[in-house]
């Protein structure tokens, strides 16, 4: 059996991906659940039937089936099953990612496939979504192994240490299967690299499954040359091709785009490892082109476009979160200096040691005060502290966002009709008034709550109640 920590890694890896376990009917809800149970039981259990039949499977001591009742408390990693009402025919099934998001046992947040019925076309990927308990009748709880039992089993074979805090260059997996589209040739080598944070949750090779055949409309939204996580490099485009990765004509044409993956979901430890693989790859490419790592050849996305990218790296190595506060030119130079030093170590055949700043000692944000009590950051976002509870009255619900208060940022989820959330910040940006809060998992989320006209400062009707 896998541990809960190993199950958590699996769950995070499946966000925004599609799982077709049996090769039939595309990405059905049951495919993800079957694959999950098969994974955490080390291949011992392969569930059968439709989603509603999951509760009738025999798990041979690897999991326990619980019938839902008003006081039942689900846990992270449980499998939740719908079998009644609209779900009586086939059922629905998902994996619990937050057992009680609002602290009232009225809702559960899950990772699921095919909620909207488009899994058969493979256009609906695994999504984190919050539901009330309508139709939910059972939970299946894997009997996870304890960390201590796993450690005891592993004591006979101890892996050799790998390059201190750096990477094992010999174990990097490269996949150079490019996207199914011929981008324009540059005609000369890139003049440098630009390091991005992906604002996503997928590994480098998972991006291949998601983007390789995604189609022109998706690529036009942005496509880099390489997508990199720990020990994984997917080269989506050859170095001779122009990529669309920094919303700047010169940057797109002349710089090689590297996406450091999982910037929204990876632990600090994991993201630092992802960075190291990216630094090594940057050093390898620069050396190939006869370029040395310096301020002209190592670039950041925010040097070319008004963006928070690379938000996670900035927070770790400078101590400032660009989604919440202003970033100065000095901050940019500080992060570039860190990137250059790390890349240069690999360039010279040495092994760098990743470092992070003391978050408690981070620089206070630069603020511009307006006459109405709002502060303005260098992205033009008006913001101020405000603590209250917002209850959604929009029948269709409201989409929430990661990264920042922009409708182009990655979707975090949906606050459904009747659901409430407690927030601590209010912003005005991108044609809307937004509220922001930090989830139990430590992620910052933004949600628009009414329209806003920047020219007149007129606000539309509120999409809920504040109390």
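Each position is counted from 1, following the chain as shown.
Here the Cβ of each residue, glycine as well, is placed from N, Cα and C on the backbone.
These come from Swiss-Prot:
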DOMAIN    4-141  domain 'Peptidase C51'
BINDING   20, 22, 31  Ca(2+) binding site
ACT_SITE  29  active site, for endopeptidase activity
ACT_SITE  92  active site, for endopeptidase activity
ACT_SITE  112  active site, for endopeptidase activity
REGION    148-169  region 'Disordered'
DOMAIN    189-311  domain 'N-acetylmuramoyl-L-alanine amidase'
BINDING   196, 301, 309  Zn(2+) binding site
DOMAIN    385-455  domain 'SH3b'
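Other than 196, 301, 309, the residues of this chain whose Cβ falls within 8 Å of the Cβ centroid of the Zn(2+) site are, in sequence order, 194, 195, 197, 245, 246, 259, 300, 302, 307, 310.
According to DSSP, residue 22 (Ca(2+) binding site) sits in a coil region rather than a helix or strand. Each residue contributes its Cα atom, and for residue 29 (active site, for endopeptidase activity) and residue 22 (Ca(2+) binding site) these two points are 12 Å apart. The Cβ neighbour count for residue 301 (Zn(2+) binding site), using a 10 Å radius and every protein chain shown, is 25.
Mapped onto DSSP helix, strand and coil, the domain 'Peptidase C51' (4-141) counts 35 helix, 34 strand, 69 coil. Long-range Cβ proximity for residue 112 (active site, for endopeptidase activity), meaning a same-chain Cβ under 8 A and a gap of 6 or more residues, is found for 29, 32, 92, 93, 94, 95, 126, 127, 129. Comparing residue 196 (Zn(2+) binding site) with residue 20 (Ca(2+) binding site), their Cα atoms are 30 Å apart once rounded. The average pLDDT the prediction assigns to the domain 'SH3b' (385-455) is 88.
Secondary structure from DSSP puts residue 301 (Zn(2+) binding site) in a helix.
Ranked by Cα separation from residue 301 (Zn(2+) binding site), the binding-site residues 20, 22, 31 are led by 20. Here the Cα atom of residue 309 (Zn(2+) binding site) is found 34 Å from that of residue 31 (Ca(2+) binding site).
In the three-state DSSP scheme, residue 309 (Zn(2+) binding site) falls into the coil class. With respect to Cβ neighbours within 10 Å, the binding-site residues 20, 22, 31 differ, and 22 shows the lowest count. Sequence-ordered, the extra residues of this chain that approach the Ca(2+) site, with Cβ no more than 8 Å from the Cβ center of 20, 22, 31, are 19, 21, 23, 24, 25, 26, 27, 28, 30, 34, 35.
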